Amino acid sequence: MADLSTCDPCSFSRPDLCVVKSVHLDLEVDFNRQVLSGSAVLTLERIASDIDSVILDIRDIKVLRACDVDTNQTLAFTVSDPVGPFGSKLEIKLPQSKSVKICINYETSPKCTALQWLTAQQTAGKKYPYLFSQCEAIHARSLYPCQDSPAIKFPYTASVTAPKAITVLMSALRTGSEPCKSDPSKTVYKFNQAVPIPSYLLAIVAGDLESRDIGPRSKVWSEKKFVDAAAYEFAETEQQLRTGEELLTEYAWGQYDLLILPPSFPYGGMENPCLTFVTPTLLAGDRSLADVVAHEITHSWAGNLVTNKTFEHFWLNEGHTVFIERKITSRIHGGEPFRHFMLDCGWQELKNTVENTLKNGPYTCLVPDLKGVDPDDAFSNVPYEKGCALLFYLETILGGPAVFEPFLKAYVTQFNKQSLDTQQWKDFLYSYFTDKTEILDSVDWKTWFYGQGMPPYTPKFDTSLKSVCIDLCERWNNATDFTNFSPADLNNLSTGQKKEFLALLCLKEPLAVNKLQAMEDVYKLNNVKNSEVRFKWIMLGIRAKWTSVLPRAFEFINEQGRMKFVRPIYRALNEWTEIRQEAIGNFNANKDEMHTLTSTQLAKDLGLSS
Ligand SMILES: CC/C=C\C/C=C\C[C@@H](O)/C=C/C=C/C=C\[C@@H](O)CCCC(=O)O
Ligand SMILES: [Zn+2]
C-alpha cells in the first residue's frame with residue numbers, strides 16, 4: 001500500500017514534516033474546456049529542519065511549474081501515482097529557509113471529481129453554463145494541490161476570473177469584483193476566508209445567479225427560477241443562527257448565505273463556510289424541510305470550527321451536528337416532545353441502515369477503519385445517527401440537557417479552530433465531568449466506538465408526537481376494509497409525521513397492492529410534492545412490487561440526484577428481479593447527466609463496478 005501520511009490514512013501529505021499555513025488561488029473558469037487554470041500559492045512552514053521537500057495531494061491535476069515566490073526560482077517536482085483511491089502524490093523540492101512561499105501553476109482536468117460542469121441546456125435558465133464544487137471528503141485534491149486532510153487548517157484568499165455574465169461565489173467573504181484588465185468580457189471576483197478551514201471546505205460556484213436578502217447576515221443565491229421560492233423557504237435562517245449562538249458561541253464566519261444548487265447536487269446540504277450549498281429538493285413550499293439548513297448552520301461550530309482530524313472520526317462532525325441541530329429546531333418549533341420525535345425517527349433510520357443496508361458490517365462502526373478506503377464508499381447515516389444516539393445517551397445518564405448543554409458550549413470553545421480525534425474528545429468529556437467519572441466509566445466505550453451493529457442500549461423517547469403515526473400505521477397494516485379511512489388522517493399530521501407514518505409501514509411486511517391503491521384513493525399521495533414524503537411513498541410502492549409506482553419512481557430519480565433518495569430507490573429497483581434491467585438501463589441512459597459522486601456510488605450499488 002502507498003506510503004500514506006502517518007496521521008491520515010486518506011492523504012499522502014506529511015504535515016508533521018512541512019505544513020501549509022495559508023493558500024491563495026488565482027484561477028480562471030474555462031467553460032469551453034471545462035477546466036480551472038491558474039496558480040495556487042502555498043505558504044509553508046518547515047516542521048522538521050532536515051526536510052528538503054513538501055508532499056501534497058493531487059488528483060487529475062496537470063502541474064505546469066513550481067517556483068519560489070520570493071526568488072522566482074523554479075523548483076523541481078515529481079508526481080507519483082500509487083495504486084488506490086487517493087489520487088497522486090506531488091513532491092516539490094524546497095529552497096533552504098524556515099518558511100517559504102511556493103507558487104504552483106496548474107490546471108484541473110475535465111474529469112475533476114470535485115467539480116460538476118453543466119452546459120446551459122442542463123440549467124434551469126438555459127442561457128449560461130454552470131459549475132459547482134463538492135470537496136468533502138477527499139476531492140479538494142482534484143481542485144487544487146493541497147494537504148488534503150482535515151487535520152490541517154489554513155485561511156485562504158482567491159481571485160477568480162469568469163465570463164462577465166457569470167457570478168462566482170466561494171466559501172469565503174466576497175471582497176469585491178472588477179472587470180478583467182486584460183479582457184473586458186470577463187470579471188475578476190475576489191474572496192477572503194480569514195478563519196482557518198480544512199481543505200474540504202474550500203468551495204466554488206459559477207453560474208447565472210441572483211440573490212435575495214433573507215436576514216442581516218444572510219442571502220439566498222440561485223438561478224432566477226428558484227430565488228424567490230428559496231427566500232420564502234429559508235426565512236427562518238436568522239432565527240436558526242441566533243438559536244445556535246444561544247446554545248454555543250458567537251457565529252464566527254460573518255456572512256451566512258445559502259446557495260440552491262441544480263437538482264444534480266448529490267447531498268441535502270454541504271456546510272461550506274459563509275455559503276451553505278443546498279439541494280432544491282428542500283423547496284417544499286411550507287418550510288417543512290428547513291431542518292437541513294439548521295444542520296448546515298450547526299456545522300458552523302461542529303465540523304467547521306471543531307473538525308474531525310481524519311474521516312475515521314467523521315462522527316465528531318456529524319453526530320454533534322445532528323444532536324445540536326435537533327436542539328435548535330425544537331427550540332424554534334415544538335420543544336422537547338418534537339426533539340424526541342426527531343431523535344426517535346433518527347433511531348429508526350439508523351436501525352434500517354445498520355440492519356438492512358449495511359447488514360451489521362464494518363461501516364456500522366462509529367469509528368471505522370478507513371485504511372485504503374475512499375471515505376465516499378463508507379458514507380452512510382451511521383456517523384450521523386449513531387453519533388447523535390451516543391450524545392443523547394450521555395445527556396440522559398449525565399443529568400439531562402441542563403447539565404449537558406454547557407458541555408457542548410465548552411467543547412466548541414476548547415477545540416475552536418482545531419482538529420481532534422475520538423480519544424481527544426473522550427479525554428475532554430472526562431476532564432469536564434470530573435464529578436461523574438463513575439457514570440462515564442459505566443459506558444461501554446469499546447462497543448460504542450468500535451462495535452458493529454446497533455448501539456449497546458435502547459433509548460426511551462417521549463412518543464407523544466409519534467403515537468399517532470404508529471396508530472395509523474397499525475390501522476392500515478391490519479385493515480381488510482378501507483372504508484374507515486379519510487383524508488383527515490393525514491391532513492392533521494405534520495410533514496415529519498406523514499414521513500414517519502410511511503417509514504413505519506416500510507418496516508412492515510410488504511403491503512398488498514390493493515391496500516396501496518386504497519391508500520392512494522384516500523390520500524392522493526401520488527401527487528405529493530414534498531420530497532421526503534414522496535420518497536417514502538415510492539419506497540413503499542417498490543417494496544410491494546406495485547407496478548404503478550414505476551413511472552413515478554423513474555421520474556423522481558431522473559429529476560434530481562440527491563443520493564439520500566436515488567441510492568435507496570435504485571437499490572430497491574435492482575432487488576426487484578423483473579425490473580432490474582429497466583433500472584440498469586435507466587441508469588446507463590442518465591449517468592452522464594449525474595454528478596460523478598452519484599454515478600460512481602450508483603454503479604457500485606447496481607453491481608456495475610467494484
Ligand atoms: C464513516 C464514514 C466515514 C467517512 C465519510 C466522510 C465523508 C463522506 C463523503 O461522501 C462526504 C459526505 C458529505 C456529506 C454532505 C452532506 C450530508 O451531511 C447530507 C447527507 C444526507 C442528505 O442528503 O441530506
Ligand atoms: Zn452534516
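From the backbone N, Cα and C atoms, a Cβ is placed for every residue, glycine too.
Since this is a predicted model, take the numbers as computed values, not measurements.
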Identity of the Zn(2+)-site residue among E318, E336 (reference: H295, H299, source: TrEMBL): E318
Entries of E136, Y267, E271, Y384 (recorded positions) sitting next to ligand 1, with Cβ under 6 Å as the cut-off: E136, Y267
Entries of Q134, E136, Y267, E271, Y384 which, being recorded positions, have CA atoms within 10 angstroms of H299 (Zn(2+) binding site): E271
Environment of H295, H299, E318, the listed Zn(2+) site - residues of the same chain whose CB lies within 8 A of the CB centroid: G269, E271, E296, T298, A302, G303, N317, T321, V322, E325, Y384
Which same-chain residues, if any, lie at least 6 apart from E271 (peptide binding site) yet have Cβ under 8 Å of it: L201, E296, H299, S300, G303, N304
Entries of H295, E318, Y384 which, being recorded positions, have CA atoms within 10 angstroms of G269 (peptide binding site): H295
Under 8 Å by Cβ from M563 (peptide binding site), counting only residues of that chain that are 6 or more apart: P266, Y267, L597, T598, Q601
Separation of alpha carbons, E318 (Zn(2+) binding site) and E136 (peptide binding site) (Å): 13
